[in-house]
Amino acid sequence: MFLMVTGFMNYSQQTVRAARYIGQSFMITLSHANRLPVTIQYPYEKLITSERFRGRIHFEFDKCIACEVCVRVCPIDLPVVDWKLETNIRKKRLLNYSIDFGICIFCGNCIEYCPTNCLSMTEEYELSAYDRHELNYNQIALGRLPMSVIDDYTIRTIQIK
């Protein structure tokens, strides 16, 4: 008889505990009902990125002195800098500069340590391509400034607070 009573007590305690857990979960669900949806309809709506966002790298060919600091500070030795030594003026002349965004980890070390500030991060994050070789940007592709999301009238921008 005593075992039956203790078994019934355990069963009732477990039932009350389960009802409490279900009630707590339901209260959390109801608290989320008042919030606005966080889903963004991507091609038609885009987020305005913060000013510290690490997007595609922008390169200014005229400012670069081919010092290769960006290559030395890159954790994966990614930027490819081709230069030629001009013997008459004893300076390096930049021939080619390229970055493969299929490999880049967007750490920002190259931008931070560049002595001439010829590298900067843009707000562009749409770098998808059908072929991974299209992600290898030379100095001409790196020099193009992206179109601002705010200026595009076909897209509704959303500010996250």
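Residue 1 is the first one shown; counting continues down the chain.
Note that Cβ sites are derived from N, Cα and C of the backbone, with glycine treated the same way.
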Handout entry: CYS64, CYS67, CYS70 bind [4Fe-4S] cluster 1 per Swiss-Prot; candidate in CYS107, CYS114 listed for that same site
Key = CYS114
Exercise for the section: Please tell me which one of the binding-site residues listed here (CYS74, CYS104, CYS107) sits closest to CYS114 ([4Fe-4S] cluster 1 binding site), measuring Cα to Cα? Expected result: CYS74
Practice task
Within the same chain, and leaving aside CYS74, CYS104, CYS107, CYS110, name every residue whose CB is within 8 angstroms of the centroid of the CB atoms belonging to the recorded [4Fe-4S] cluster 2 site, in sequence order.
Solution key: ILE57, CYS70, VAL73, PRO75, ILE76, LEU78, PRO79, ILE99, ILE105, PHE106, GLY108, ASN109
Problem - Neighbours of CYS110 ([4Fe-4S] cluster 2 binding site) among the binding-site residues CYS64, CYS67, CYS70 (Cα to Cα, within 10 Å) - result: CYS70
Fill in the blank from the handout: Fewest neighbouring Cβ atoms within 10 Å among the binding-site residues CYS64, CYS70, CYS110 goes to CYS64
Practice task
Would you mind checking how many other C-beta atoms are within 10 angstroms of the C-beta on CYS107 ([4Fe-4S] cluster 2 binding site)?
Solution key: 14
Exercise for the section: Note the Cβ centroid of CYS64, CYS67, CYS70, CYS114, the recorded [4Fe-4S] cluster 1 site, then list each other residue of that chain whose Cβ lies within 8 Å of it, in sequence. Expected result: ILE65, ALA66, GLU68, VAL69, VAL81, CYS110, PRO115, THR116, CYS118, LEU119
